[in-house]
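> Encoded as structure tokens, here's the structure I'll be asking about.
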């Protein structure tokens, strides 16, 4: 299968997987127009849509796409049932698309019903995990988000993390503010800065590398613990995650 990214709005990415026959899967189409343009340019035949959560910048294009291609099956969590979903899926279930099984993973935090889809090596994680960061807590708790991103972090090393936003540069600036002397973070920041200066995408990222540079995935790292302990003594990784999320919200 071929992985394609379609820019939308200011910083969204709509992901499309296509097979050799031209059948395709569309993930979180917040806007129909760029998707329709890509379909026409590549002669794709849409088979399915995956929705991760109910926010408009992820579901806004569904209605128009379904009107154009009525055969499309729209998979999504319960919270997207009024956004065009025709097949509600939940944690532990699978969606069979393009000849592949995609596992559904519940990841509450950004929204309460947020889900992700995984079929090795592809992880479509919506607004749960970003390169260098994680989603804001609009509905869920820090505890829920901590558990959610750790579920994703446990996936295979070679997983391709397909995030829904180009937030990498700002996330790495935050990471540097927390761990300014970390070599992995500094190296990745320079790489990301160069890519964005050329208006190039920083995604997808390999999960093995992401674990090294994402401070939200390093809550048991001694360097991070020492930094946090300078301000407050927190015994549990979950508490350290909440501290980081609060810092990022104010960054």
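Just so it is clear, glycine is given a Cβ too, placed from its N, Cα and C backbone atoms.
Remember, it's a predicted structure, so these values are computed and weren't measured experimentally.
When I checked Swiss-Prot for this same protein, it listed these features:
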BINDING   53, 55, 110, 127  Zn(2+) 1 binding site
BINDING   57, 58, 127, 165  Zn(2+) 2 binding site
> Among the binding-site residues listed here, 57, 127, whose Cβ has the fewest other Cβ atoms inside 10 Å?
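Taking 57, 127 as the binding-site residues, the minimal 10 Å Cβ count falls on 57.
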> State which of the following binding-site residues has the fewest other Cβ atoms within 10 Å around its Cβ: 53, 58, 110, 165.
165
> How far is it from residue 58 (Zn(2+) 2 binding site) to residue 127 (Zn(2+) 1 binding site), counting Cα to Cα, in Å?
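A Cα-Cα distance of 9 Å.
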> How long is the line from the C-alpha of residue 110 (Zn(2+) 1 binding site) to the C-alpha of residue 57 (Zn(2+) 2 binding site), rounded to the nearest angstrom?
14
> Other residues with Cβ within 8 Å of the Cβ centroid of 57, 58, 127, 165 at the Zn(2+) 2 site?
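Here the non-site neighbours turn out to be 12, 28, 30, 52, 53, 55, 126, 164.
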> Taking the centroid of the Cβ atoms of 53, 55, 110, 127 as the Zn(2+) 1 site, which other residues of that chain lie with their Cβ within 8 Å of it, listed in sequence order?
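Counting only non-site residues, the set is 52, 54, 58, 111, 114, 126, 128, 135, 138, 164.
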> What is the number of other Cβ atoms found within 10 Å of the Cβ of residue 55 (Zn(2+) 1 binding site)?
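For residue 55 (Zn(2+) 1 binding site), the 10 Å Cβ neighbour count is 21.
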